[in-house]
């Protein structure tokens, strides 16, 4: 699941990247009085604000209306009917209950739909409306504190945020796995992969060049605005969530991380940072604006079926996750076969572990190696 960018993940905590990156500089020429620091919220306060965001209908509408997402979960669950028939399932972050109902339709004997936000009340109504209250039990509260009457044969969860790890919900799934999943139990989805590729963002290029076109239309030369537009649109440290097309991608995408949800020690890996190195060669001449990060998750295929992949790639149909864009401070011209290499790490932000932080180190051709530190904003 992923909160709409129009909805705040948290109110009152400061955002932004760490001090080690190439962040945008002050350009107003004057000193500003520093605002008093905002009090840092406790973990329980942050969690409560996070849950409250999921109490509104809009975020659930966005998720269920994402046909790529919802159909992938429906098919991923139904393909595993043989493993679910007559078994018990835990749905972590059940929301309105649709995934729990899919599990019941696949033959599960009992589904525990755990939901920490107030939307659990609506989930209970949805379950009742579909005549499944004897098999789908909606349990209000965080999965970390809810007690089940038994261990389960399978866990299903739609835990993915922007850039895969924004919102840090995977930690809750791993907690549930350790506490409630039987040995050898089924995880839906079972794994996730992260990809990165250099991009030339056609829409951004149009916006940067817009100011040089004003004179042609209105007789006023505003080309001096282009450098200011570049600072505004690129010289920041925000992770930008936006849809790209395959035409925006400058080189072959590189997989830099793979997460097997059954892997022991994955919780510690997430805290330390998930990432890896990459290297690619450009397809042709273009301005390099930055890098795009996306993910895919895989559902086991059952006894005889191929695994099912839910992809958020710009080469696949769009999803509500879009792609996570990391803009450089300014465009860098590249040619065919220009070598681009680097390292990327995803980790929790220090001020709010639910907020994604991305550390990027990169080298373009013969240019010096640079770094930039990004964070997801509210």
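Glycine residues also receive a Cβ, built from the backbone N, Cα and C atoms like all the rest.
Annotation comment: Swiss-Prot describes 60, 69, 93, 115, 144 as S-adenosyl-L-methionine binding site. Long-range Cβ neighbours of residue 60 (S-adenosyl-L-methionine binding site) (same chain, at least 6 residues apart, Cβ-Cβ under 8 Å): 54, 95, 96, 119.
Positions annotated as compositional bias 'Gly residues' by Swiss-Prot: 13-22.
Among the features that Swiss-Prot reports, domain 'SAM-dependent MTase PRMT-type' is placed at 47-377.
What Swiss-Prot lists as asymmetric dimethylarginine is 38, and the listing cites similarity to another entry.
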Quick one: give me the count of other CB atoms within 10 A of the CB of residue 144 (S-adenosyl-L-methionine binding site). 13
Return the residues near residue 69 (S-adenosyl-L-methionine binding site), defined as same-chain residues 6+ apart in sequence whose C-beta is under 8 angstroms from its C-beta, sorted by sequence, else 'none'. 63, 158, 310, 319, 320, 321
Over all pairs in 60, 69, 93, 115, 144, the listed S-adenosyl-L-methionine binding residues, work out the largest Cα-Cα distance in Å. 26
Of all the binding-site residues given, 93, 115, which residue's CB has the most CB neighbours within 10 A? 115
